Every structure is written in structure tokens, then in C-alpha cells.
Amino acid sequence: MTNSIASDLEPVGTPGPVRIDSPVRRVAKEFVEDPVAVVGLVLFVLIALIAILAPWLAPQNPYDLAQLDIMDGGLPPGEVSFGTGDTYWLGTDQQGRDMVSAIIYGLRISLVVATMSLGIAITIGTVVGVTAAYFGGKLDSFIMRIVDLQLSFPAILVALILLALLGRGVDKVILALVIVQWAYYARTVRSSAIVERRKDYIDAARCLALSNRRIMFRHLLPNCVPPLIVVATVQIAQAIALEATLSFLGVGVPITEPSLGLLIANGYDYLLSGRYWISLFPGIALVLTIIAINLVGDRLRDVLNPRLST
Amino acid sequence: MIVYLVRRAGQSVLAVVAMAVLVFLGVYAIGNPVDVLINPEATQAQIAATTQRLGLDKPLWQQFGIFLGNAIHGDLGTSFVYGRPALDIILERLPATMELAVVALILSVGLGVPLGVWAGLRPHGLAGKTIMGGSILGFSLPNFWQGMLLILVFAVLLGWLPAGGRGQTTEFMGLEVSFLTLDGLSHLILPAINLALFKMSLIIRLARANTREVCLQDYVKFARAKGLSGRRVVMVHVLKNIMIPVVTIIGLELGSMVAFAIVTETVFAWPGMGKLLIDSINLLDRPVIVAYLMLTVLIIVTINFLVDVIYSLLDPRIRLSEMKG
């Protein structure tokens, strides 16, 4: 997506909708040509809607203890409640919690953690990456040293270190995910920005004596967006998986706000005794979410960067 | 070469120090180190004695010096739970983790390379597409979930293999290993597959991409034109040339195996150091946590260093460009 010629001709400082509109439409058009990716997108939108509308969709509030009936504990899928006569389509856990509701709420927590950490990490990574590429020199090599140092350690280890020291909590998991992920964005943005900054339109903007900040964020950054989108889709799936893993290991979200990973961990103890549904169904929800995002991400990578497609 | 070695060693030391600072700040600066490092059941006199021994009454930068000095001497504190030096407890668990990691690595290369080459030779066939689909699942689905499915299918539903534990071990070259007894082997299979799946998926993708690239080269076409059998072309001409990037990734991923083992060991109750870490986090046995983190960082940094050095021996271009930059 190098439209440097077009941007040269544009009046400086107005990244008008005309220029942005047509690539978006092209990407959308190419995206829908792959039916598998469309299925992935529809699935993901559906999952996101379920998470957003959780309080209205879930049959019960799984964390309102008054709504739970201990008599219904450990019922297999399709059983009927002793008290209310409702059907538990996916069974109940040991406390008599409806698994459908638990999964819907768990999905909500998983997605909130992943998207919040994505937003913060992308902001930090973008600012750092553009700054490094634009100023270059010592600042650039210093920043990239830190990025390389961090990326030489497995993400799960870094996150575990942080959470082992900080303790459990939704905010702490988000912090750990941000610290793990910012470096990927910084590296991605920097590597495309360093190519872009040598182009004529940046020189032209400099000649107009625009401020550094304006050149960096209004001229340089918009041209680094496509690879950033690709990395972001891969990373959000990774973030969801990592959060689930951390919660499964018991260092992630607290018991009061169970994400899908924690639901799976809770049911894990009953897996061997044959009560598979307590951990299997949250697991399927988790896996569907990750696969849907990956399908979208795969197609976006092909569409946004023709060079990478095989 | 010496310039390169010194430079690279300097970077490694820097990485270890950086992680030590992070761990140190986490333990000493956030929260009260007395609570973190001293057994909550200790008496007032014991607390005072330990505070002085660890130098917790001194300024922060001096404390960091003491922490580093102790760490270099292998003193990373005493476990609250076991009442023995934390490092000893971890080193006892190290062979179990290493056995798991090595078997998993052998599995991931032994299966990953042939599958990847196969998929690369027939990218549009049904088998090729299935292998690629499987590899996408292999690296995008969380590790613990794959492990759980393995347990559900092979231990709970089919009952073929045990769901956890290490089984019988025997002495082999001074180490306790489980792959020599039938019982030990049956306990080893599922965790090793679980740990291998992620790396295997990466290797499959890498081998496939490289095979497709190599197949277009003139020397492969020429070998075919010479009338060599397809088998010989693949085994000699293709395989040799795709192994360079594959070997690189194996080296780089070896360190992360140790980290990934945390998850697999927890799922399969494998008594390695990863499970020890999670148990220690749950029991708030912080000296063990600190010792584990420092040791793992050291292992990963050392492996990365060795891989880089070996690689630069094999390919002089790397050390030349590093020396300039």
C-alpha cells in the first residue's frame, strides 16, 4: 500500500477522506472474496455481540448467589432445574451455575481484558515505534535494544514473572499483557516507518517547517497502518490465549471475575471424574473465538500485503 | 571473532542484569520485602535477624548489590515450605523438565520436518491442506487446552494412557529418567506431545515455505532433469537446503520450551520445575519463585548466546554485520 505519489499531490495536512476511503473499499471487496474469512468475521461479530449484550442474553446472572440453586449442582447438559424448571442446555457446575450464562459472562471478561490491553499496547507501541524511526540515531538503537531484549524472552514467562510478583487482578492481567505486547507493535511500526520516512512526502512536509509531531502522526503514521492491522489481529488472538493460560494457571483474573480460562480451570478438577462439560464448553467458546480472529487475520494479511501471500 | 564474542556476551550479561532488576524491583520495591522474603510464621527475633542478614535496613541501591552478590553465589533464599535452599529444590526438578523438553523437541522436529516437506511438495493436495490446517490450530489454540483434550480423549475416554504424573523412573547416567521403563514412557507420551505441538506447527510452516521456495530453484530442476528419482531429489537436494533455517529456529525455540513447560507440567501434574513454580505461586513460597525466575532467565539467555555464537561460526556474514552495527 504505497500511495506516496497520491499523498505528494495532496494538499499537505489534509489526509482527506478521499485518500483513505478507496483503499478501505478495496480491502473490503477483496476480503469478502474468501468465504472462509467471511465466516470467521461473522462468527467474531456474533461472539463480540454476545459478550457486549451478556446481561440481557444470559438466562441467569451466574454471580448472583441468590439465583443459584445448590440442588442443581453438577447437572449434565440438557437437564432440567429442580427449582425453576429451566433447562440447562450446557449443564451446570458444582455450585449449580448455568454453564451457558457462565460462558457468556466469561467471554465478556476475556474480550474486555484482550481489547483493553490491545488498545493500550498499540498506543504505546505506535508512539515509541514512530518516534524511534523518525529521529533515528542513538534514540532508535536504544529503543530497539529494549524491544529486542524483551522479545528474546517468551511472552508467557514475562507475564508470569509480573503476575507472580503483582498478584491476581483484572487490572494486573491487563498491565502484564500490555508489557508483553507493546514491543511487537513498536517493532512493526518502526520497520514500516523507517521505509516511509525516506520518501519524498516526508521531505516535503519538513520543507514546510511542520512540527515534528505533526509529521510523525499525520504524515508518517497513516502510511504505517496496514502492517499494524495485521499484527494487531494476530496479537489479539494471542492476548486472549495468553490471558486464558494465565487464568488457567491461577495467576490471572480473580475468582470473582472468571474469564473463560478460569472457568476451564475450575472444571478441570472434574474432567477426570467424567463431568467433562464444566471445562469442555468454556474451552470450545475460547477456541471458536481464537479461530474466528485468526481466520479474519489470515485473510487481512493476504489482502493488505500481497507480498506475503503464498 | 573475539570482538563479536565479547559484544554478544556483554549483551547477554545485560539481559540477565535487566531481568534481575525487574525481579528485584518486583520483590523489594513493590510491597514490603519483609513480608515477601520472610516466612509469615517467623517470630519477631527471626524477622529482625533476617532483615539484618538480607540488609533490608540499607538503602535500595545497596540492597540491590547484596541481592546480586548473593545471587552470584547461588544464594537465592530459603524456601518457606521446604525449609531448604530454594535453588537446590529447583535443581532437583530440573532433570524432569529437561527430559520433557528434549523429548518434545525430538518429536517436533522428527514429525514437523517430514510433514512440512510433504505439504510443501503438494501444496494444493488434500494432505497438504490438512497439514496446514492442523498447524494453524496447533499454534493458535492455547497449549493447556490442547493438553486437556489429549487427557480427555486418551486418558478419560479411551483409557489408553495415564492422565498425569511421571510414573516409574530409572537411573540413567546419574539422572532420574522415565523414558527407559514402559510405565515411565506411557506417562511421558501425552505431555511430550502436548509440549511438542506448538513448535511442531511452527516447524511445519517453516519447512513448507522453504520447500516451496527451494523447489523452484534451478538446481532442483536440474536434478530432476538429470533423471534422479523424486526420492533422491527430496532427500538430498531439498532437505539439505531447508535445514539451515529449521536448525536456527530449533535453537531459538529451545529456551522457550522451558517456559512453555510451565503450562504442560501443570496440566499433566509432571513434577518438573514449571509445576514447582505454579505450586510456589499458590503457596506464596516467594524465594522459590525468585530463584526459578533467575535460573530460567539464565538458561534462556545462555541458550540464545550459544545459538548466536554457533550461527555466527556457520555464517560469517552475521558476525561481520554485527561488528559494524
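Just so it is clear, glycine is given a Cβ too, placed from its N, Cα and C backbone atoms.
As the structure is a computational prediction, the values presented were derived from the model and not from experiment.
Here TrEMBL flags B:94-307 as domain 'ABC transmembrane type-1'.
Residues annotated as transmembrane segment in TrEMBL: B:12-31 (among others).
Residues or ranges marked as transmembrane segment by TrEMBL: B:100-121 (among others).
Residues or ranges marked as transmembrane segment in TrEMBL: B:133-157 (among others).
Residues annotated as transmembrane segment in TrEMBL: B:177-198 (among others).
For B:242-269 (among others), the entry in TrEMBL reads transmembrane segment. Tertiary proximity for the transmembrane segment (B:242-269) is limited to same-chain residues at least six positions away from its ends with a CB under 8 Å from its CB atoms, namely 97, 100-101, 104-105, 109, 113, 117, 143-144, 147-148, 151, 163-165, 190-191, 194-195, 198-199, 202-203, 206-207, 210-211, 214, 275, 277-278, 296, 299-300, 303-304, 306-307, 310-311.
What TrEMBL records for B:289-314 (among others) is transmembrane segment. Using a Cβ-Cβ cut-off under 8 Å and counting only residues 6 or more beyond its ends in the same chain, the transmembrane segment (B:289-314) has close neighbours at 1, 4-5, 8-9, 12, 15-16, 19-20, 23, 27, 71, 76-77, 86-87, 89-90, 248, 251-252, 254-256, 258-259, 273, 276-277, 280-281, 322.
Residues of the same chain lying 6 or more positions beyond the ends of the transmembrane segment (B:100-121) and with a Cβ under 8 Å from any Cβ of it are 127-128, 131-132, 179, 188, 191-193, 195-197, 199-212, 215, 234, 238-239, 242, 246, 250, 254, 257-258, 261, 264-265, 270, 272.
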